[in-house]
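Structure below; questions to follow.
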């Protein structure tokens with residue numbers, strides 16, 4: 001590991017550091033706050049705090065603008081200024097080495113501070129994940145500002161400058177975002193502490209007492225910590241004054257609530273008093289910061305090799321030179337932080353020189369050295385399931401306060417309990433320290449949740465249904481009297497209905513219909529029911545409903561299921577609605593014809609007589625060949641029906657009679673539809689060349705059913721490999737050497753090279769044919785042929801990304817690299833480190849990037865958003881982007897937002913883009929006219945005050 005990283009480790013090892021405040025006269029410095037709960041109060045309080053004295057003592061030099069950023073990796077997103085760099089003792093040390101050392105020191109501090117707070121550092125390896133978590137984002141910014149201080153203003157490159165600490169506000173933003181609370185006033189950013197170590201006393205200073213941005217410190221703009229208690233006090237004072245003024249006018253009405261108001265004010269003042277720290281001399285005090293009393297996580301997570309004294313402790317067992325000691329406590333492996341490793345260092349192995357690396361722990365272990373046993377997700381889930389209403393899951397995970405609240409509210413009246421069951425079981429969540437161990441099988445969680453919530457939903461539905469029936473019974477009793485209402489619970493019954501005798505007295509007749517007992521068993525039973533009172537939807541409305549959803553026929557009254565027009569409308573929308581029609585209509589040829597035209601499978605619901613009618617079955621199999629299975633057995637032997645079916649779906653051959661499965665014309669039609677149909681044909685066709693030829697053209701896997709003779713037939717094999725390269729795996733070695741077959745396969749798919757032998761993979765002509773079809777096929781070529789510059793040039797010409805598949809010596813070839821970058825700008829990442837610094841290569845990369853971006857913005861102007869600042873300053877690119885989407889003018893630099901032609905193009909596309917134009921152009925009448933012509937009054941809002949009153953412009957507003 002570089003020196004900067006080792007120095008961090010050194011600051012954590014050795015003697016315990018004792019910190020105390022320095023105050024005048026030796027008086028205690030901190031007050032106690034008993035009404036408080038500590039949160040993220042760790043030692044050291046802020047990331048890199050103990051490294052500030054060392055960094056302040058280094059000699060720093062001014063860097064050239066834009067030079068350091070070229071070599072940044074971890075801190076690239078945070079360092080958007082020109083940083084200073086430590087002046088090396090040896091002048092021959094390269095800038096990239098110094099920058100990398102500082103970058104790795106920042107990475108180490110970031111990882112260990114996250115671990116000190118209980119976060120999983122590997123969850124925040126990607127910049128997107130860092131930005132999603134405000135606390136982690138502030139840690140990241142503060143760490144990078146600590147190790148990459150800002151250049152002193154107007155300094156000359158190479159001159160010595162002082163170390164500019166991070167600003168006070170940068171530290172305060174971290175304390176606010178992470179909600180740091182130490183229950184005294186020690187959680188602050190400007191302080192001076194005495195550090196005793198090894199009998200020597202030194203001073204540890206806090207951050208620069210300036211508000212960013214400032215020339216005296218490093219930091220981004222932002223406000224300092226908010227004085228919430230003071231603000232609350234002022235608000236309460238204003239409320240009291242208001243109540244006092246109102247007292248004379250509403251004395252009578254206010255007297256009744258006076259006691260409650262004064263009680264509320266009193267409690268609020270008590271809360272404020274508890275949160276205003278250090279205000280009373282009567283409050284108990286102490287002379288050592290609460291955070292400094294916490295265990296130092298740098299010491300807690302240090303590593304001492306086997307058989308070595310504690311004085312030899314270092315911070316990271318994955319640091320370079322750790323080959324003789326056990327890494328990650330034997331419970332993990334070293335993984336590079338900034339790039340993907342070629343191989344992982346396992347316990348007992350030497351640690352590869354992969355840049356800065358950290359321990360990625362095995363399942364069940366956590367912390368930077370993999371010494372902390374994770375709590376079990378399985379235990380937490382079952383505690384949440386069976387004891388969640390008592391808070392047992394939160395107690396187990398270490399959240400005592402939240403667990404107590406959950407206990408007192410009996411699981412948040414059930415809501416908190418249900419929420420935590422899903423939260424804990426869905427994925428390993430955070431305990432007090434680190435995430436839970438992922439030992440809960442996901443299927444167990446899903447099964448329990450389905451049973452729990454599904455069962456609960458079913459119970460609720462049944463109880464709701466019972467209440468609904470009772471309500472209907474009561475309504476019926478009020479209308480008709482209790483003697484006339486009965487519950488119809490027989491099969492096919494519709495719930496509440498009139499008693500038959502009572503209805504007959506009114507002169508109505510019952511309606512009989514045939515109900516299908518089972519969709520697949522062709523049996524029916526006659527069920528007679530009187531008219532249902534709860535099916536009173538008008539017929540005209542039903543006709544409209546059927547046109548939208550034919551299956552609603554199943555919820556209509558029997559009379560409607562026997563209505564020919566209603567059923568016809570239903571089956572035209574969904575053929576399966578035929579199952580709800582009465583038996584008479586399922587025996588109606590016109591109705592069934594409408595149904596099978598919509599869905600051939602509707603034939604299953606037709607009467608047996610209609611299943612034997614050829615014209616109906618032909619219509620059904622024309623729509624869906626599989627519907628032949630529902631036809632009468634006699635029609636499965638009908639050649640016309642079977643031909644029609646296999647033309648629609650070759651699998652229908654499986655339902656045909658044995659005689660027709662031996663019919664050559666029928667089989668040919670089937671295999672043309674799908675080669676798999678050969679599986680159902682007579683065995684003799686597996687040796688029929690014409691049939692096999694048609695089959696493999698339809699599906700190459702049909703070659704597996706061919707006879708041994710045809711599997712080695714050149715014409716059949718050529719047809720198969722032309723369909724799919726994988727067919728090469730089925731043929732003999734002799735045919736795989738056949739030039740015509742190889743050429744056919746490679747023309748269809750260059751990746752067919754993988755199925756050829758080593759001699760062919762080393763043949764320049766064969767490899768050239770493969771990469772002509774797909775440049776990525778170079779990955780299957782021999783190592784020797786991949787070194788061939790002609791082959792390499794052809795591959796990168798097809799796709800520049802293939803440069804990454806070539807040997808390192810080819811990647812270092814300038815001509816190949818230039819051609820690759822010209823083909824695909826992303827190839828730059830695979831160029832050798834030396835060539836990346838070559839001016840011609842960088843120029844080619846920029847030209848390729850510009851070309852790609854220019855085409856991208858013409859399709860989507862928002863592509864300008866992710867472009868580099870250099871590309872965003874390119875006038876031609878910006879002009880093309882705003883012509884596609886005027887709003888992307890916001891991403892253009894100020895000089896282009898002053899460009900009249902660019903702004904005119906933007907507002908013509910979107911008048912609202914005027915808001916992003918420079919102030920001078922907002923006062924340009926022609927620009928504003930174009931903007932309001934497209935954007936109307938909204939665009940006018942962004943014009944200058946003078947032009948907002950211009951009559952001509954006002955008339956032009958839409």
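Backbone N, Cα and C define each Cβ position, glycine as well.
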With the ranges 314-335, 336-357, 358-379, 380-401 to choose from, which does TrEMBL describe as transmembrane segment?
380-401
From 275-295, 443-463, 464-484, 485-505, which range did TrEMBL mark with transmembrane segment?
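Transmembrane segment, as annotated by TrEMBL, spans 443-463.
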With the ranges 223-241, 242-260, 413-431 to choose from, which does TrEMBL describe as transmembrane segment?
413-431
What residues elsewhere in the chain lie close to the domain 'DUF4116' (713-757), defined as a C-beta under 8 angstroms and at least 6 residues from its ends?
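Same-chain contacts beyond the flanks: 689, 692-693, 696-697, 699-704, 706, 766-767, 769-777, 780-781.
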What residues in the same chain, six or more past the boundaries of the domain 'DUF4116' (855-897), come closer than 8 Å to it by Cβ-Cβ distance?
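Same-chain contacts beyond the ends: 846, 849, 903, 905-913, 916-918, 921.
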According to DSSP, how is the domain 'DUF4116' (614-661) divided among helix, strand and coil residues?
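With helix first, then strand, then coil, the domain 'DUF4116' (614-661) has 41 helix, 0 strand, 7 coil.
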State the non-local partners of the transmembrane segment (443-463) in its own chain: residues 6+ outside its ends, Cβ under 8 Å from one of its Cβ atoms.
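For the transmembrane segment (443-463), the nonlocal Cβ contacts are 381, 385, 418, 421-422, 425-426.
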Summarise the domain 'DUF4116' (663-711) by DSSP state, stating how many residues are helix, strand and coil.
41 helix, 0 strand, 8 coil
